[in-house]
Amino acid sequence: MEPKTKKQRSLYIPYAGPVLLEFPLLNKGSAFSMEERRNFNLLGLLPEVVETIEEQAERAWIQYQGFKTEIDKHIYLRNIQDTNETLFYRLVNNHLDEMMPVIYTPTVGAACERFSEIYRRSRGVFISYQNRHNMDDILQNVPNHNIKVIVVTDGERILGLGDQGIGGMGIPIGKLSLYTACGGISPAYTLPVVLDVGTNNQQLLNDPLYMGWRNPRITDDEYYEFVDEFIQAVKQRWPDVLLQFEDFAQKNAMPLLNRYRNEICSFNDDIQGTAAVTVGTLIAASRAAGGQLSEKKIVFLGAGSAGCGIAEMIISQTQREGLSEEAARQKVFMVDRFGLLTDKMPNLLPFQTKLVQKRENLSDWDTDSDVLSLLDVVRNVKPDILIGVSGQTGLFTEEIIREMHKHCPRPIVMPLSNPTSRVEATPQDIIAWTEGNALVATGSPFNPVVWKDKIYPIAQCNNAFIFPGIGLGVIASGASRITDEMLMSASETLAQYSPLVLNGEGMVLPELKDIQKVSRAIAFAVGKMAQQQGVAVKTSAEALQQAIDDNFWQAEYRDYRRTSI
């Protein structure tokens, strides 16, 4: 259902003159009416012509096209965001296909690497370990009292780029931009946070422009105590907030999620969001092929927290489709840099232990090696689905893809690593190596592939199809927790919007132009499941839909009325 157009109430504003123009959430620039210019002491501070937001957006689009590099376009858009947020979101929504890769992956990776160099204006909250005893004061300095979504990172595992220190702040800023652009969550309700616990990136420590705490990262008890102080301070200031953990290192991501997911409404997008969008994609791809996900054999390259999170959600989905847990686990094979995970492998991480294959069941495999490589696994398993979350480029070789295709007429290949430079194989190569038969979904955006005069659209398995809808659903329903069932409902809803399933052709995932519609549908499904799970107050379907409508922010100016502080 599309959001209803409703008359916005006037806002009563105590600020005036140049001060008002400095508020990105309130600034309208040349769109202030003549009456507003008189009432707010703006006469003479703006050019004479009063413009509409569409006229402003057209000028901004022309200016944007004048920039030649993606990083310069990113800097330009961030400048608009820090000047006039309403215009920023109107512009982005007008050109989402073009601009999403610029405000988020892959360009945000370069923006994180160059954060201190391209820094213009502060956005969000920087909490350094040096200021840990001022945590409550720091959060009290945030002027917005009604924060509903926080995205927090410690900058240690930024995309596939590793430790970027406080440069990781680019990720929460970008993620929250998508919460608004795709999920309709008002920017006034969002807060990006970076926990500055030092950096082990020597290049940053030696950089005279680096703006973070110049110290090796704190670890162990010091680290977890610091994060806990942050969580407790957040609960004190905004007890009902949704907290998203973002780009934490593998060694910390799962422990933090497990520790806090039942203490505060929280989730980890790298683990749970990636899993949800991947499972939604696989459900749709399986249906398009006339089957179910439970019928497929799946091989992963990459057995970190993200890969294992996806695998566990796939297992949950195939159990929902009728498999026993044992049968579901026997269909999933995890390969990391040491080979296939088996019960004889030492030094497994806690979240890997349930995803091993029993070595005794592999005695008839065609291999002489003790270390079972990806090629060994593909040759013996004969998988239907190959998923890459390794963060290493080129590991899906021609030999591996052709071996897979030899036994699977319509292979599903998903090189999900970000950014583009880390992808396991390009869609162009995968399509060519499978004679045009592979169904490909990637983690980063790729242009359609042309092979033998046929055009193959490439779906981006983008978490933006999932997390904005989850956020909107949590806010609209008032959910106190995010359960696994809520995530599964998001995956199922995403699959229902697949053009390939609905029309028998096109991409396996919806087009970006439909992302707000998809987010609203996911919000409803998530909110309804929250009610069924007992983590939100039960209401009628009509009341939940109305709450979604009421919370869906649109990039439109509102009339201002003057008031005193």
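First residue shown is number 1, and so on along the chain.
Including glycine, each Cβ sits where the backbone N, Cα and C put it.
Binding of divalent metal cation is attributed by Swiss-Prot to Glu246, Asp247, and the same site annotation extends, among Asp221, Asp228, Asp270, to Asp270. In the record from Swiss-Prot, residues Asp270, Asn418 bind NAD(+); the candidate from Arg132, Arg157, Arg520, Arg558 listed for the same site is Arg157. A straight line from the CA of Asn418 (NAD(+) binding site) to the CA of Tyr104 (active site, proton donor) spans 11 Å.
Max Cα-Cα distance over the annotated NAD(+) binders (Arg157, Asp270, Asn418) is 11 Å. Asp247 (divalent metal cation binding site) and Asp270 (NAD(+) binding site) have their C-alpha atoms 7 Å apart, to the nearest angstrom. Using the Cβ center of Glu246, Asp247, Asp270 for divalent metal cation, the list of other same-chain residues with Cβ within 8 Å runs, in sequence order, Thr153, Arg157, Ile158, Ile171, Phe245, Phe248, Ala253, Asn268, Asp269.
Rounded to a whole value, the Cα-Cα separation of Asp270 (NAD(+) binding site) and Glu246 (divalent metal cation binding site) is 7 Å. Here the Cβ of Asp247 (divalent metal cation binding site) has 25 other Cβ atoms within 10 Å, regardless of which shown protein chain they belong to. Annotated NAD(+) site Arg157, Asp270, Asn418; additional same-chain residues within 8 Å of its Cβ mean position, judged by their own Cβ, are Ile158, Leu159, Gly160, Asp247, Ala306, Gly391. The recorded positions close to Tyr104 (active site, proton donor), defined as a CA atom within 10 A of its CA, are Lys175 out of Arg157, Lys175, Glu246.
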